[in-house]
């Protein structure tokens, strides 16, 4: 820590009335670009308009102006998010069976959409229980609402209106901070102040206020709900806040107020700030008292973290000092210069944030099922499957985005003349070693992981089960994973004081938790089948990383095209007369990386879906016998490629294929339609631009003959545009197909 004299007095950090508000300007398509604003000559214009509308770098090179546009756009984004949230709460208030679900969450399915009777579409309104007919939803909103203490549709209305007000406020803020009071560049670059405010304000006070809400509102209301009290009889939230006696009846230590806190007798509060571990047997979710405790602890950590960085008072850490001190014996200049990169290149900053947020999103996916945070979430299999799948896809897209913006940084913002022997320079100088080794790892993983399956398929085909890799023949047990599981299962009592169960039931050791005769969670066994598919995961992830990292490290130059940086982020080929130089731009690496990201995530969600149906989800009889949805067939069936096709894809597709004439028929239509969208993508991906240009010229000739030719000349999509359209439809079609397949299946059997 460095003590310095205080900074000078607070500087004026905004420009007033920086840019006038002009609807005429906004009404002109392409007003941000001189060429596009001229209007269309050819149909390429509309594609350029879409490509460049949000590429603020192409509008101006002034970093301050770019920063202001990004900042303003963030408020617009927040406005849309609040609008979306408001819509969700409004549907809960107006069209849902929330109050009925609240009274019997184990037998009634959540629904918040009722289809109007137009051309027979009302067939989609299935019976979700309790006499309500509607579409079963799998977003988890009902479970969140219950956990936060919402007991009536009126409360949902109020929240929806509140979110609308916030949406309007955000829209106003976006306009205000660009047109009326636009921050100066120095404000955007003041990282210490930003860290303090984000850590202490957003994360610290945010967590503290949520912990406060949980203790004073959610916990008492959920206590009543768990005891079977009718939601209409439960006191309203403000009564708990205003009347301490009410809370003291449920949690006696409330009667003592803050005395235990100041006398350091904190264990008094353990009844509502608990440390149980495991799941609440009534709801199958984490103990809400554990969650409140967690948020209080997080709040304290972040409130401390938000006071660590040096701003106006000359005391605390400086980010620049930290980064420049960060060097080891073999790392040259270390992180020297990184501070300048991250305060002048928003692409570099965004790339780091996307990589971390993407990884975090995938961590969330894995915790939502292993430590289900909301009441009755674990027994709602459709929601569990949807939440896992959703967070996996989002994480995958964010990580590809990280590589995209890292490459844009390399092309547009990286200045090789000022960088020498820092870590980034050193990585770039030995990029050949990195990429060739990574390539070797991909080849090794690919042949060996796939080879294990091919061996099993061959042995199975030849009728030699005793020679297969399986739990009953040649075992390949995941011993390290089992060791980690076991360590965690034995941890309670040896690590955290007072913890009665391990963090997750999935580790083993504990009994199963079932709610209303349905399994919430139980110890998940790992065997040869998991070992095999795990190595497929390793293979697909390494290939994705290979493609993306190669795109970043070779974004500026390569042996093939030494002057690649001059060609920009996306270009089709290195000009005429240089064969074999197509598909080398940084953009093309992102394009190719998306396909492998899709491969990776598909295998993960297939693994999850089948494993959970086979070994976890199911019903519990009165005698205590568990019957799993697919009867534990994962261990023996998933060890061959044929098993995946026959017992997972084909066997479980029967629900979506046979959905016509039932309330699930929309999924059947989506399954079909999404396959079409996917197939449509191939037309863009497998076809050349010249083919289409020739076809267009014939069609234009016919239009001219009939004197109906448009003024705007039709043009075939450029190579890059065609690829962008192709990959979009490929991913959209693939994801929607998977969505229909998963939901029709799990709603029918779950």
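Backbone N, Cα and C define each Cβ position, glycine as well.
Annotation source Swiss-Prot lists transmembrane segment at 70-93 (among others), citing sequence analysis. Remote same-chain residues near the transmembrane segment (70-93) are listed as 54, 56, 112-113, 139, 141-142, 145, 153-154, 156-157, 159-161, 163-164, 166-168, 170-171, 173-175, 177-178, 183, 188, 346 (criterion: CB distance under 8 Å, separation of at least six residues from the stretch ends).
Sequence annotations record features per position, and here Swiss-Prot assigns transmembrane segment to 156-179 (among others) based on sequence analysis. Tertiary neighbourhood of the transmembrane segment (156-179): same-chain residues 17-21, 68-69, 71-76, 78-80, 82-83, 85-87, 89-90, 92-94, 98, 145, 150, selected by CB-CB distance under 8 Å and a gap of 6+ residues from either end.
Annotated transmembrane segment per Swiss-Prot: 195-219 (among others), in sequence order, evidence recorded as sequence analysis.
The transmembrane segment feature in Swiss-Prot is assigned to 291-309 (among others).
Residues or ranges marked as transmembrane segment in Swiss-Prot (evidence: sequence analysis): 346-369 (among others). The list of residues near the transmembrane segment (346-369) in space but at least 6 beyond its ends in sequence, with Cβ under 8 angstroms from a Cβ of it, reads 66-67, 70, 377-378, 384, 387-388, 390-392, 394-399, 401-406, 408-409, 412-413, 521, 608, 612.
For 385-411 (among others), the entry in Swiss-Prot reads transmembrane segment, with the evidence type sequence analysis. Residues 138-140, 341, 345, 347-348, 350-355, 357-362, 364-366, 368-369, 544, 548-549, 551-552, 555-556, 565, 568-569, 586-587, 589-590, 593-594, 597-598, 600-601, 604-605, 608-609, 612, 735, 738-739, 742-743, 746, 750 of the same chain lie 6+ residues outside the transmembrane segment (385-411) yet bring a C-beta within less than 8 angstroms of a C-beta in it.
What Swiss-Prot lists as transmembrane segment is 433-455 (among others), and the listing cites sequence analysis. Outside the transmembrane segment (433-455), and at least 6 residues removed from its termini, the chain residues within Cβ reach (under 8 Å) are 427, 468-469, 476, 532, 535-536, 538-539, 542-543, 545-546, 549-550, 553-554, 639-641.
The transmembrane segment annotation in Swiss-Prot covers 531-549 (among others), and the record cites sequence analysis as its basis. Counting only same-chain residues 6+ beyond the ends of the transmembrane segment (531-549), those with a CB under 8 A from a CB of the stretch are 399-400, 403, 434-435, 438-439, 441-442, 445-446, 448-450, 452-453, 456, 469, 476-478, 481, 589-590, 592-593, 596-597, 599-600, 603-604, 607, 638-639.
Within 10 Å of the C-beta of residue 582 ([4Fe-4S] cluster binding site) we count 13 further C-beta atoms, all protein chains included. Taken from Swiss-Prot, the feature [4Fe-4S] cluster binding site covers 573, 582.
The transmembrane segment annotation in Swiss-Prot covers 589-610 (among others), and the record cites sequence analysis as its basis. Panel annotation: around the transmembrane segment (589-610), residues 369, 385, 388-389, 392-393, 395-397, 399-400, 403-404, 407, 530, 533, 536-537, 540-541, 543-544, 547-548, 550-552, 583, 630, 634, 638, 644, 648, 652, 723-724, 727, 730-731, 734, 738, 742, 746 of the same chain, lying at least six beyond its termini, place a Cβ under 8 Å from a Cβ of the stretch.
Taken from Swiss-Prot, the feature transmembrane segment applies to 664-686 (among others).
The C-beta environment of residue 683 (chlorophyll a binding site), restricted to residues of the same chain at least 6 apart in sequence and closer than 8 Å, consists of 726. Sequence annotations record features per position, and here Swiss-Prot assigns chlorophyll a binding site to 683, 691 based on sequence analysis.
What Swiss-Prot records for 692 is phylloquinone binding site, and it gives sequence analysis as the kind of evidence. In the three-state DSSP reading, residue 692 (phylloquinone binding site) counts as helix.
Residues or ranges marked as transmembrane segment by Swiss-Prot: 724-744 (among others).
In the structure shown, the C-beta of 692 has more C-beta neighbours within 10 angstroms than that of any other entry among the binding-site residues 691, 692.
Sequence-distant neighbours of residue 573 ([4Fe-4S] cluster binding site) (same chain, 6+ residues apart, CB-CB distance under 8 A): 581, 582, 583, 584, 719.
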